[in-house]
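Asks: What follows is a structure written as structure tokens; I'll ask about it next.
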Amino acid sequence: MPRTTGRHFLQIPGPTNVPDEVLAAMSAPTIDHRGPDFAVLGREVLDGLGPVFGTTGPVVVYPSSGTGAWEAALANTLSPGDTVLAFETGHFALLWQSMATALGLQVDLVPGDWRHGVDPEVVEERLRADTGHEVKAVCVVHNETSTGVTSRVAEVRQAIDRAGHPALLLVDTISSLGSIDYRHDEWGVDVTVSGSQKGLMLPPGLGFNAVSEKALAASRTATLPRSYWDWEPIIAANQRGYWPYTPATNLLYGLRTALRMLDEEGLPEVFARHQRHAEATRAAVRAWGLEILCADEREHSPVLTAILLPEEHDADEVRRVILERFDMSLGAGLGRVAGKVFRIGHLGHFNDLTLAGTLSGVQMGLHLAGVPVKEDGVSVALARLEQP
Ligand SMILES: *Cc1c(COP(=O)(O)O)cnc(C)c1O
């Protein structure tokens, strides 16, 4: 490989670009995780997480990837043989349901076409039909990172309430938290699962569970085996700013800085920024004459756009050309859309000119890979970016 110059464009939908401020914060010396200075850091990050999740309840932080936080959500609230209702919105929803099966849960999977989010009407229908209340939890991936489709969690909550069903609501926000409007308390979510390396602008390595009163109560009787993931000792130690085991100290330094950055920008402004960049991206894709995978206007993801290529073209070849020529990484198609789509991440530490550069690289790559494009999508996107 020839030596590259300038910054690599990491435009996959996670891990995302880590701001220099966060990297600098993480380079501070590691401290005693049982000492007095640590408790100040611990409480500051735990308090700072609440507003991002939209909760006044506990947020459990694990030294783990998002997958670990998935397991924690299931293991703390459910018992062997319990039924969970899941939806095939895409690759990540399927991975979560396989994990549930592996842990000894029964999964009632609603099939999907990977172009739509969770249908609140189907949620209501399924739960109304479950008169014996066999379903103990409804699992929803808020932003399906494999497809660029964002499910309407508030409407899913209303559907559960209309059905009068007591199931817990477990939501994966690994690629939405800190980028897309989200309200754990207001939407009545019981466990919100998240991770550090997407909207929170950190390197991979932290997993999160925001936990409702109802989920805490369920954890007292749930019998799936758990030890490392057990909320109780963590929440107890967190009261004073500590963890029952060695936490990821330097990632917590980074988290403290990232939370300050989100707070300084203002969460409503952060959400609006992501919406605006997503709109400009879609404008470019439409001008190119290519198809967006998400098929419902209400469900377009603010954090990534998955682009479907005409059948005779290989999306991985387009990504390969773009990486080789322009040093930019784009997201691969996963699972059943492998080779058919590529994904542009426009989340986290990102601005107008990052988007302009990203779309320029994509447009040149499409030309070089011989994918026919109709119009100059970059100019269309730039015209959108000239507007507030
Ligand atoms: C990235 C992602 C995951 C997996 O998280 P890891 O940190 O790779 O374990 C799960 N769900 C969604 C929606 C994701 O975007």
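Just so you know, the numbers here start at 1 and follow the chain as drawn.
Placed from the backbone N, Cα and C atoms, the Cβ positions cover glycine too.
I grabbed these lines from TrEMBL:
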- 53-316: domain 'Aminotransferase class V' (DOMAIN)
- Lys198: N6-(pyridoxal phosphate)lysine (MOD_RES)
- Arg343: substrate binding site (BINDING)
Asks: For Lys198 (N6-(pyridoxal phosphate)lysine), what residues in its own chain, 6 or more apart in sequence, show a Cβ-Cβ distance under 8 Å?
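Replies: Lys198 (N6-(pyridoxal phosphate)lysine) has long-range Cβ partners Pro13, Gly14, Pro15, Thr16, Thr145, Ile174, Ser175, Ser176, Leu177, Gly178, Ser179, Val303, Leu347, Gly348.
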Asks: Just how many other Cβ atoms lie inside 10 Å of the Cβ on Arg343 (substrate binding site)?
Replies: 26
Asks: So, in DSSP terms, is Arg343 (substrate binding site) helix, strand, or coil?
Replies: strand
Asks: Where does Lys198 (N6-(pyridoxal phosphate)lysine) sit by DSSP, helix, strand or coil?
Replies: coil
Asks: Mean pLDDT, the domain 'Aminotransferase class V' (53-316)?
Replies: 98
